[in-house]
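A.B. asks: Before I ask anything, let me first share the structure, which is written out below as C-alpha cells.
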C-alpha cells in the first residue's frame, strides 16, 4: 500500500512539473524529486529495504544508464510494433514509458491496457490502433530507467502510423494511338503517409521500363513510339507501407495505318488479253480499298474488283494504257500504291506483198508496210536461204537486193535462180507477222529439183564384232555429194573404223557397242539437200537368230508415177500403181513432196498408206507441189517413183496474209519427243508416255504409231491425239504374246515433226483363242488299241503367245474309257494307246501357252475295228476286264474295300451281340412265369391304366409265394416234371432269370386292349411261345431314374434293357418254353421271421427312386386266395382265363410265383415292412436242394452282411447255413462295389435309350416295375432234376442255347462281366404247397417276398412299429465305406 502511494505521488509530481514548465529536463526533475523525498522515503520505507535506504549505499551500486535507445518507428495500422529500451544500473533499474510526457499504462498496471512491458524493458504493441479521430498509439515515446540512486531517460522516439487512402487523385484514361506514335498515361496516386510510389501493370503483369521507349516519371507512363504489341489493359499501382492501391484499368488501343502487303506492279500485256493488278493491305481497323486510274476513268464494263481487292481488266486495248492506283484508308491513316499498264499491239500488215512474174533481167518490187505497238522491225528473206535483208542495209555484193525504210523489197536484174517465195517479216516485242509473195521467172524448168535418195540406211540389229554396210544411193542434177552423221554429229573422214564408199555407202568394221546409234545420210547439191536416217542396235539374244522371211530378199519395186486426181486449196489427191514384177510384197507406201516455194528438200507428207490412192492435206493455197511415192516391204523401202507433174493448189482470198507452210515444219523438226518405257496395264493394254522438248507452242497434237516387232516389220497402226498437253495414252487391243514397237511424233499445223526413238515392249501371253488346225486321226500301227492324232498350230492371230504344249483328249462313251495325253509345243502329232476296240471315241486337241489351255478343236470321231475272231461284246468285255484289273490294283479301291469290310464286320458283330442279348432276355422270360394276385394299391402313382400294381422291383411283395408253378398250356397233364427247380440247370452267372423290359414293354403294348383295373384277371400266365410275346415294342422313359443301389436288378426297364429294345423292334424268341416242375410251398419258402427281428434288419429306403413317400409298407394278405381246380397231374392248379383261352394275357409279375393256399379270413393287419430283406442277396446251394422246413424263415438272407447291412441279434437264428455269395451283385448293367456305390458297366447302352421312340404306348416316369421279383437263380452246378432231364434227353433247345452262351461269355474279360462266385445266389426250389398259419399269413410279410419283391413306395400303407429305428440304422450302416462283402462258407 505504501509503494502504491509513493508511485502515485511520483506520477502526480511529474505531471505537475511538466505543466508548470519550470524544469525543462525531465532528468533534473526526477533528481530533485528524489532528493526532496529522501527523508520521506527514509521514514516511510521499511528499514530493511536497501533500495531506498540512503544510509546504506553499497560501494558497487550505480545509477541507471540507458544502453539501447528506442528508434523512431513507422508502422502500419493493425500491425504489431516494439519500442526497444535497455538500461543498466545497480540495483537493476525499473523501466517506465512515457508518451508525450504522460505515463504509459501497461498490462501490469492496467489489465485493460493493450501495451505490454517486456522483461527487457521494451514496449510492445500487439496491434497498432489508429483511426481518423483516435490515434492512441501515435506519438513521442520516452523510456525512463530508475533505481534508488536515481533515474535515466532515453531519447525521444517517435512512433508514426503509415496511411494510404483508396481514391486515386487522378486515374489513367483510355488512349488510342497509331503504331509508331507516342502515347502517355497519367496517374496521380492517393494520399498516404509516407508518400506512395507508383508502378504500372499491363494485362496483369508488371511493366518494365525499356530504355529509350518506355519510361515512368512522376507517375506518368510514357511510350515514345508504340508498337502493335503495346495494346492492352494498363493499371496504375500506388504502394507504401500501408499497402497497395490499384487504379481502374485503362485500355491502350494501338491502331495500324494501312500498309501494303502486295503492291500493284507495272505490266505489259498484249491487246485483247486480260490483266490483273494485285493489291493486298493490312491495318487496324481493316482499311477500305478503292481503285482509280490516273488521268482517266476505269474501262466501263471491262473491269472488276475481286474479293481479294485485285483489279481485273479484260480485253485490254491501247486506250487502257495508263497508271492504276490502289487507295487504302482507315480511321488512322491512308496509303496508296500504283502500277502502270502498257498494251502491246502485235504487228499488222498495212500493205500486203503480191506475187509477181518477171522475165530474167527485169526488176521487181514487193511492198510490205506494217504497224504495231511498239513499231515492229521489218526484214525480208527468201525461203530456203539464211540471208536476211534489213532496211538501210548495205547492198549485197551482187547489188541486186535492197529494202527501203518502209519495208519495200527491190530486186534488180532478176535471174532464173531468184524464183521462189520471198517472205516479209515484221517483228516486235508484241509478236511477229510474216507475209510472202511468189516470184516466178518466165521460161523456168524443173531441172533444179533437190537431190533424191534412191536407197538409204535401214534399221538393223547386229552382234558385236560384225561388220555392216549402210547404203546411200542418191541422184540429182547436179550430182549431189554424200556425207554421214551419227547421232547428229558429222563423221570425220580420217576415222579408220568408218569408211564412205564412192557410191555413198558407209562401211563399219568390227561393230562395237559404242557404234550403236542413229545414222543419217545427207545428200547435198546446189539445188538442195535430202536426208535419210536409220539406227543400229545390239542384239541381246546371241545364240538365237530369227528365221528369215520366205519372201524374196529384196525391196519391192518402185511404184508408178503418181497422178493427181483432185485439187483443193489445201489438199491434193494422188493415185499410183504398184510394181508387181520385182521385190517383196508391198505392205504400205510413203509419199514425199517438194515445193519450190517451201524450201530445197523433199519432205515426207504421209507414211503407212495402205491403198494406192491418198489425199495429201495441210497444203498451202496457190502453191506448186511435186510428189513421189515409195513402196515399203519386208526388206525396206523401194526406190522412188517418177516425180509427178507440178500441180498448184487453189488460190485463197488475196486479202488474207499468207503464212509460211514450211516454217512450222522447221519448228516441228526442232521438237524432240522422248518416249518413256511403256507400262503394261493389263491383257492387250499398254500405257505410253513421253516428254517434249523444244518449241512446244508449235505442237498441236501427237501421233502414236505401233506395230508388231519382227524381221518382217509389219505395217504401223497410228493413233492421232489432238491435244498438245496430252503426253500419255493407252493402246488397247494389242496382240498378246508379241513384241510391240512404238514411236511418237509431234503434230503441228504444217505437218509432222521428227519421230522419237522407237521402244519395244512385250505383251503378256494369253491362252490361245483359236483351236489347232487340221486335226486328223489315223489308226496306229501299234496293234488295234492305238491311234495317231495329227494337227497344225492355231492361226498366228489366235496363238496369243508361244505354244508350249498341246493337249489331246480321247473321250469314250463313259468316263472310265477317257484317255488324254500332252505333246510338246513343236510336235504336230501324237499316238494314244489303250483304246478299247469297238468303242466310239471323240478326239479333241487344244493348244496351250504359259497362260493356259486354249480352245479345243472340233471333235473327230474314231472307232477301232474289232478283231474278226471276237465278237464286239467279248472285245468290250475283255477291255472291261483289263480296266477292272487296273481298278482293283488302285490304292484307293483297296482302302475303300478294307473300310467297307471292316464296317461290315462291325455290323455283323453288333447283330450277333444284339441277337445273343435278345436270346438271353427271352430265355429269362421263358424261364419265368408268374401267378400274381390282382391286388389294387390305393396309393400307386405313375402306373399303367391297365394295372394298379406297384412298380416292379421297388417294394416288397405283400404276399407269399404261391404254392405251385403254372403249367404251360401246351404241356400234357401227365408229363412228369422234376421237382426242386423251375429253371434250366447250370445258369450263367451273367444271366438274369426274368426280363424286366420285355414284360414291361409287353404290358405297355397290351395295355390299350386290356380291361379296367377292376376287370383284369386275377391270375395271368406268360406264354413264351405265344405270338404276342414275339413283338415287344419298347417304350422307355426318356430320362432314367436315379441310382437304385445294389438292387438294380429290380430297377425300371430302361436301366436294364439291352440294345435289342432300343428301337422298339420285334423280339423273336429262339428258344422253346421250358416245362417247369411243381413245388410245394413249404419246400420252397420258409415261414417269415417275427417282426421284431425284421425291424432290426431294415435297410435304407431313401435310395429307391420314383417314390413319393420315404417309407414302404406291406399290403395285407387277401382274405381268400383265388385258386383254380387242380390239374390232373397233381400239384399244379390252372387258373381259368377270363375268356377261357390258354393264350397268355398281361401279367403283372416278372418271375415265377406259386399259388397261395387260402387261409381263413381274418381282419387285415398293418403290415410290417422288412426293407433289409430286400437287400439280402440270395445264396446258391452247391448241390440239389432238399426240401426246406418252416424252421428256417430267413433262407434268402446273407449270413455275412457287408458293412452297410448290420445284422441284428434277432436275425442270426434265422440265417441259412448255405455259403455266402460273392461281393458283386447280380444286377445286370451295374456292379455293386463294397462301399455302397454303383459303378456303371463297361458297355453302356443306356445313352441310346434316352431318345424317346416314336410310338410310346406305355410310359411310366416314376415306376421302376410292375411285377413281383424274379425267382432265385439256379446254382452253378446243375440240380438233380436238371441232370435227370439231361439224362432223359428232355433238355429244351432254349437250355442248350443258354448253355452255349455261357461258354461264350466265359471268354469275355472280367472287367466287362460281373464276377460271380458259383455260389453267388441261393436258388429256392419249389416244393409242394403248404399252408401258413393265420398269424404267419397276416402278421408278417413273406421272407421270399421281402427278398425278391418290393412294393411300390407310392402305394405304401401304414408304417410298422419299428420303422424309424430301422431307417436310422440303415443310414448309419450304409455310410460305412471301404467294407467289402465277404462270403465265407459255413
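Quick reminder: no glycine exception, Cβ is built from N, Cα and C everywhere.
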A.B. asks: Examine the ranges 495-517, 518-540, 541-563 and name the one recorded by Swiss-Prot as region 'Disordered'.
C.D. replies: 541-563
A.B. asks: Which of the listed positions, 34, 1347, does Swiss-Prot note as N-linked glycosylation site?
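C.D. replies: So the answer, going by Swiss-Prot, is 34.
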A.B. asks: Run through 1159, 1218, 1263 and tell me the one Swiss-Prot describes as phosphoserine.
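C.D. replies: Swiss-Prot annotates phosphoserine at 1263; the rest carry no such entry.
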A.B. asks: With DSSP as the reference, give the number of residues of the domain 'Ig-like C2-type 1' (64-160) in helix, strand and coil.
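C.D. replies: Going by DSSP assignments, the domain 'Ig-like C2-type 1' (64-160) contains 0 helix, 47 strand, 50 coil.
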A.B. asks: Run through the domain 'Ig-like C2-type 3' (258-342) and tell me, per DSSP, how many residues are helix, strand and coil.
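C.D. replies: DSSP classes over the domain 'Ig-like C2-type 3' (258-342) add up to 3 helix, 49 strand, 33 coil.
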A.B. asks: Quick one: DSSP breakdown of the domain 'Fibronectin type-III 1' (558-652) into helix, strand and coil?
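C.D. replies: Counts, helix then strand then coil: 0 helix, 41 strand, 54 coil.
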A.B. asks: Please average pLDDT over the domain 'Ig-like C2-type 1' (64-160) for the predicted structure.
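C.D. replies: A mean pLDDT of 91 is what the predicted model shows over the domain 'Ig-like C2-type 1' (64-160).
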